[in-house]
Each structure stands twice: as structure tokens, then as C-alpha cells.
């Protein structure tokens, strides 16, 4: 089976747009769990543009599945994670001016920093994942820093300008998923996946979990959050049938 991690960031984006206390990302997370989500993913960004510390603290107590906290590799965020102790943490690159995470974490360039963060988080009992581009050198670096999980960045696949380019990106993801799996890593994937492009990624047998958020929140505007989650989960399961 393949697992679905529902990212609730953009429920919080809508809330923050007007500075209200609704819509509640807490409620969205609980509805997602009831509707088939296997994990709840949320990104506490340094600029706090959507998810807030209070959201993380409340959800850590209320979730029945797993919390997958996305975080930059900074002292502030690593210390916060060690205090809250999510089930999983996915370390991601972060720039304040970006609309969304634009690429994978450069584990090679930031090797010492990532290695130290992995050690601290692991000692705190948190499973560490690294959000990386589908490249063998980055996967090898993830192994060397001691991360047991990687999340392959699917943005280049999703944003490819032509069907030929998209197919080439898919083949890269497929081969790198197999490579990482053969090296003993759990392989997750995510970024810019939606209802029209998820099936080929979900079909890759080495991939354990997909993290999807924006597309589900957008679909929920028309059919409701619970049904949007159920549709995505069904789509993923059918890819493996």
C-alpha cells in the first residue's frame, strides 16, 4: 500500500490572509485523518506565513496518525522540533522570497549542518527525512548524514513544459527511487502533485508515501475537504492495484 500525507499549509494560508481564526488547519487535519490520510504534513516556515507554532503544538496532541513537520535547517526550528517531538521531520530548503519550496535540499553543500541536525533530531526520537532532488549524489549524501528517509522532489516532473520533458523527469524519479530503495532508504515523494499527475508517481513501487496539499485544498473548495482527501487516496490506491 502507498500512504498519503495531507499537507494542511494552505488551509492556514487562507486563514492568515484575513487574520482570522478560520478556516482551522486543526479541523482540516482531523477531517483528513477521518477521510483516509495516513499522516498530516505541515511546514512551520521561518516567516510564519501560514502554519503557526500553536498549530503544531495543538496538532501534536490531537493527531491520531503521524505528524510530519517540515522545517528549515536552523537552530530555531531544530530546537522547536526537539521540544515538540513530531513523529517525523522533513528538512527542506527555505527562502523567504519564494512562493513555495523551489527545489531539494542541497545536502552536499550543507553537509555538516544537515548532519548535525539529523543527529540531534534522531537522538530526540524523531525520524528524519530529507527533501532532495532526484539525484544519486544527493541520495548518497542523505545516507552519509544518517537520514533513514528521503522525499523526492517531484516539482520538476509536475512543472515540465512538454510531455516529453515530463516523461524524462518521471524516468529520473523512477530510477532514483529504485536506487535509494536499494540503498536501504524509505522513499517518499511530493511537491506540485495533483489529481492529473499523481498516478504515474504513485505507480512507482519503491515509493512509500506521497505528501500532497495545495491540490487537495483547491479541490476541496468545490467538493469539500473530506471528499477531496478520499479522491486522492483512492487515486493513489488504484495506481497500485
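Just so you know, glycine gets a Cβ as well, placed from its N, Cα and C.
Here's what Swiss-Prot has on this protein:
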- 43: active site, proton acceptor (ACT_SITE)
- 70: active site, proton acceptor (ACT_SITE)
- 191: active site, proton donor (ACT_SITE)
- 7, 18, 192, 213, 214: 3-amino-2-oxopropyl phosphate binding site (BINDING)
- 9, 10, 45, 50, 100: 1-deoxy-D-xylulose 5-phosphate binding site (BINDING)
- 151: site 'Transition state stabilizer' (SITE)
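Swiss-Prot feature annotations superimposed on the structure.
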residue	record	Cβ neighbours (10 Å)
7	3-amino-2-oxopropyl phosphate binding site	26
9	1-deoxy-D-xylulose 5-phosphate binding site	21
10	1-deoxy-D-xylulose 5-phosphate binding site	21
18	3-amino-2-oxopropyl phosphate binding site	8
45	1-deoxy-D-xylulose 5-phosphate binding site	18
50	1-deoxy-D-xylulose 5-phosphate binding site	21
151	site 'Transition state stabilizer'	30
192	3-amino-2-oxopropyl phosphate binding site	17
213	3-amino-2-oxopropyl phosphate binding site	24
214	3-amino-2-oxopropyl phosphate binding site	16
Listing them in sequence order, which of the binding-site residues 7, 18, 192, 214 have their Cα within 10 Å of that of residue 43 (active site, proton acceptor)?
7
Which of the recorded positions 70, 151, 191 has its Cα nearest to the Cα of residue 213 (3-amino-2-oxopropyl phosphate binding site)?
191
Cα-Cα, whole number of Å: residue 18 (3-amino-2-oxopropyl phosphate binding site) versus residue 50 (1-deoxy-D-xylulose 5-phosphate binding site)?
11
Return the single residue from the active-site residues list (43, 191) that has the minimum number of other CB atoms within 10 Å.
43
Specify the secondary structure state of residue 192 (3-amino-2-oxopropyl phosphate binding site) as given by DSSP, simplified to three classes.
coil
Within 10 Å of the Cβ of residue 70 (active site, proton acceptor), how many other Cβ atoms can be counted across all chains shown?
26
Three-state secondary structure, residue 7 (3-amino-2-oxopropyl phosphate binding site) (per DSSP):
strand
Determine, from DSSP, whether residue 214 (3-amino-2-oxopropyl phosphate binding site) sits in helix, strand or coil.
helix
Spatial neighbours of residue 214 (3-amino-2-oxopropyl phosphate binding site), counting only the recorded positions 10, 45, 50, 70, 151, 191 and Cα distances within 10 Å:
10, 191
Taking only the Cα atoms, work out how far residue 7 (3-amino-2-oxopropyl phosphate binding site) lies from residue 191 (active site, proton donor), in Å, as a whole number.
10
Nearest recorded site to residue 151 (site 'Transition state stabilizer') by CA-CA distance, among recorded positions 50, 70, 192:
70
Given that the record lists 7, 18, 192, 213, 214 as binding 3-amino-2-oxopropyl phosphate, what is the largest C-alpha to C-alpha distance among them, in Å?
25
Please state whether DSSP places residue 18 (3-amino-2-oxopropyl phosphate binding site) in a helix, a strand or coil.
helix
